[in-house]
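This report refers to the structure that appears directly beneath it.
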Amino acid sequence: MPPVNLIILTLTNLITLSYLAPVNLSMVVTVYFLALRGAVCYSASILTNPLKKELISMQRTAQQRLWEIDLARGTALILMIIYHLLYDLSVFFNFDIAYNHGIFYLLGKVAATLFILVAGLSSSFSKNNTTRGLKLIGWGCVIYLVTSIAVPGSNIVFGILQFLGVCLLLYPVVKNISPYILVGIGAAVMLGGEFTASLSISHNWLVPLGFRTPGFASVDYFPLIPWWGVFLWGIALSKLVYPQKKGLIKSNSKLLKLVAAAGRHTLFIYLLHQPVLLAALYLIFDPAGFFNLLTSNSSGSTVH
């Protein structure tokens, strides 16, 4: 069976399994995988196109990528997945894990900081930041809608995808600024986060900037102040370290190459990892829930 078809079949089976899970999880997994299945099917149609222009373009892009940047992005992705695993175990399965403070909280912040820093760095190498930015904002809106409907109270307002999308749209404004000035602006933006966090306002219109009411809550929240400062530092780092836009590090390690490969498919893995984690954890820790839901549906009862 061709790899693309195998992926589609696997996703289809996981969608079916999601219907056996508690209703909220089922909605999350189903909506995510339907979207991802469409993306995979689109990729399959490209691969079978007789012209193959798109495939040639993708191969050239892969050859131009800097290995060490993909490695850093892949490392951030792995750290983020570990943090989300700890979060899921604590929130959904009542494990005694202090994910919101201490070493685990630091793990999440390190992952986010590295992720944003690398995003700023790699934006200097991209020629389609506007398209990428709009795509990230669009996916961020999808995640917001899914979480709002499927998991009430766990809204994601201006999460990391929407944040990065806006940063990419703002890139043309700062791309020609000296790296040293960017470092200064970035530091000022990061320090400004202390001001926005302490200021109490009566509305949430400026939530993307970091101004919010005392009762504002978002499971995943990355306001421009202070996080845009980290993105600006990434742009500055690119100007200082990669003035010729050529790679500096090479490695033959299979493990590191595997991590770098993950870094080349960040968006796909990001969209996929949380529903897969939840589905797997429910199968491990609450398999009876699948059968209970199946029995309830067959008897015509409603699951809340």
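We number each residue from 1, going along the chain as drawn.
Glycine residues also receive a Cβ, built from the backbone N, Cα and C atoms like all the rest.
What TrEMBL says about a protein is an automatic prediction, not a curated fact.
Source: prediction; values computed, not measured.
For 65-275, the entry in TrEMBL reads domain 'Heparan-alpha-glucosaminide N-acetyltransferase catalytic'.
Marked as transmembrane segment by TrEMBL: 71-90 (among others). Counting same-chain residues at least six beyond the ends of the transmembrane segment (71-90), those with a Cβ under 8 angstroms from any Cβ of the stretch are 96-99, 104, 107-108, 110-112, 114-115, 118-119, 122, 256, 259-264, 266, 269-270, 273-274, 277-278, 281.
Taken from TrEMBL, the feature transmembrane segment applies to 102-121 (among others).
As annotated by TrEMBL, transmembrane segment applies to 133-150 (among others).
According to TrEMBL, the feature transmembrane segment maps to 156-174 (among others). Under 8 Å from some Cβ of the transmembrane segment (156-174) lie the Cβ atoms of residues 112, 115-116, 119-120, 123, 126, 129-130, 132-141, 143-144, 147, 182, 185, 207-208, 216, 218-224, 227-228, 231-232, 235, 270, all in the same chain and six or more residues away from its ends.
Positions annotated as transmembrane segment by TrEMBL: 181-201 (among others).
Here TrEMBL flags 221-242 (among others) as transmembrane segment.
Under the heading transmembrane segment, TrEMBL lists 267-285 (among others).
Proximity of distant same-chain residues to the transmembrane segment (181-201), defined by a Cβ-Cβ separation under 8 Å and at least 6 residues beyond the stretch ends, is recorded for 174, 209-214, 223-233, 235-236, 239. Mean predicted confidence for the domain 'Heparan-alpha-glucosaminide N-acetyltransferase catalytic' (65-275): the pLDDT average there is 92.
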